[in-house]
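Per TrEMBL, these features apply:
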{"type": "DOMAIN", "residues": "248-380", "note": "domain 'GGDEF'"}
{"type": "TRANSMEM", "residues": "6-28", "note": "transmembrane segment"}
{"type": "TRANSMEM", "residues": "35-57", "note": "transmembrane segment"}
{"type": "TRANSMEM", "residues": "63-81", "note": "transmembrane segment"}
{"type": "TRANSMEM", "residues": "93-110", "note": "transmembrane segment"}
{"type": "TRANSMEM", "residues": "116-136", "note": "transmembrane segment"}
{"type": "TRANSMEM", "residues": "148-167", "note": "transmembrane segment"}
{"type": "TRANSMEM", "residues": "187-208", "note": "transmembrane segment"}
Ligand SMILES: Nc1nc2c(ncn2[C@@H]2O[C@H](COP(=O)(O)OP(=O)(O)OP(=O)(O)O)[C@@H](O)[C@H]2O)c(=O)[nH]1
């Protein structure tokens, strides 16, 4: 069994250090206020552990029972407030404040009855941890793994608080039972460990989410959610190089919406944006998993087709022509007729670089435009 006083001391020090770390992070990232809540939650938890530990040395129940219990409740409430801030939960914190105020009133007359005060505290904590678990499960985030870990930690914490509540309730009804002492100590150990572990996962949740957001911004087009030009070249270059090594077919398409300026002029820019999103969906729906599609210009898309010969590439281009031009796109109940021109290229020995291949596809696209649009042209 872990030495309890040592564990309490370590968790106090860890929570103070984590609180300082989160304040430093907040100073660096002023816009993420969740770190302030989490930092204060760590300090409050350390203060709660210190005041509760004083019970062994001084007889001041107002401090060692009442204040300690209020601080023990405040710490997870602050953690939840930070979580709501991080998840951009718009409703105010009024319920959390009201809950804490109710606890302050309810626990005041109980400071001379530590068992009852601990029972009330355990029930409130079980509810708070259960709520935090539900919050995490219900709200989508960009960091699913830390979110899952955090939900598990909160869920486990809720569970041990329920167990503690039932033990305390039984002790309250039937008098103190010495056989419960090891179990209550085990719960305290886990409470300390889970709190410290939770505080460690909070920054991870934000960092993974920020990292995913940066990757998204760096690689994807915000409007269509297809790759952007940079990511397209990165991915397509790999396939292009692999096709050379394996002597496999490689094709590419350049696709451009016809008279798109007229669409913007007639229906407005928002309708134009909706058209681009719809075209992107049509493109994605016609491709295989390994094909690489990107928006490389305003109304221009590039598609890399690994292991695709000339005939298959033309068939895909024809399918895209039909999928986009075959039926109108409905925007706010009005049909918008869109057509596209497509240049197709199959890799030849003269194409030593992807750039050269795409230039030829672009030339074929230009020919398609010149020949009247709404058609597929194969590069010679
Ligand atoms: N709504 C919207 N329009 C865009 C976006 N990017 C570029 N455009 C518009 O796309 C239009 C492209 O016009 P042009 O280059 O003249 O081409 P076009 O009208 O499609 O004519 P062709 O390509 O010759 O058939 C311009 O009016 C741009 O403002 C965008 O993100 N959203």
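Backbone N, Cα and C atoms are what each Cβ position is placed from, and that goes for glycine too.
Of the candidate ranges 63-81, 93-110, 187-208, 63-81 contributes the most Cβ pairs within a distance under 8 Å of the transmembrane segment (35-57).
Proximity of distant same-chain residues to the transmembrane segment (63-81), defined by a Cβ-Cβ separation under 8 Å and at least 6 residues beyond the stretch ends, is recorded for 37-38, 40-42, 44-45, 47-48, 51-52, 54-55, 93, 96, 99-100, 103-104, 107-108, 110-112, 114, 117-118, 120-121, 124-125, 128-129, 131-132, 135, 195, 198-199, 202. The DSSP breakdown of the domain 'GGDEF' (248-380), given as helix, strand and coil counts, is 59 helix, 35 strand, 39 coil.
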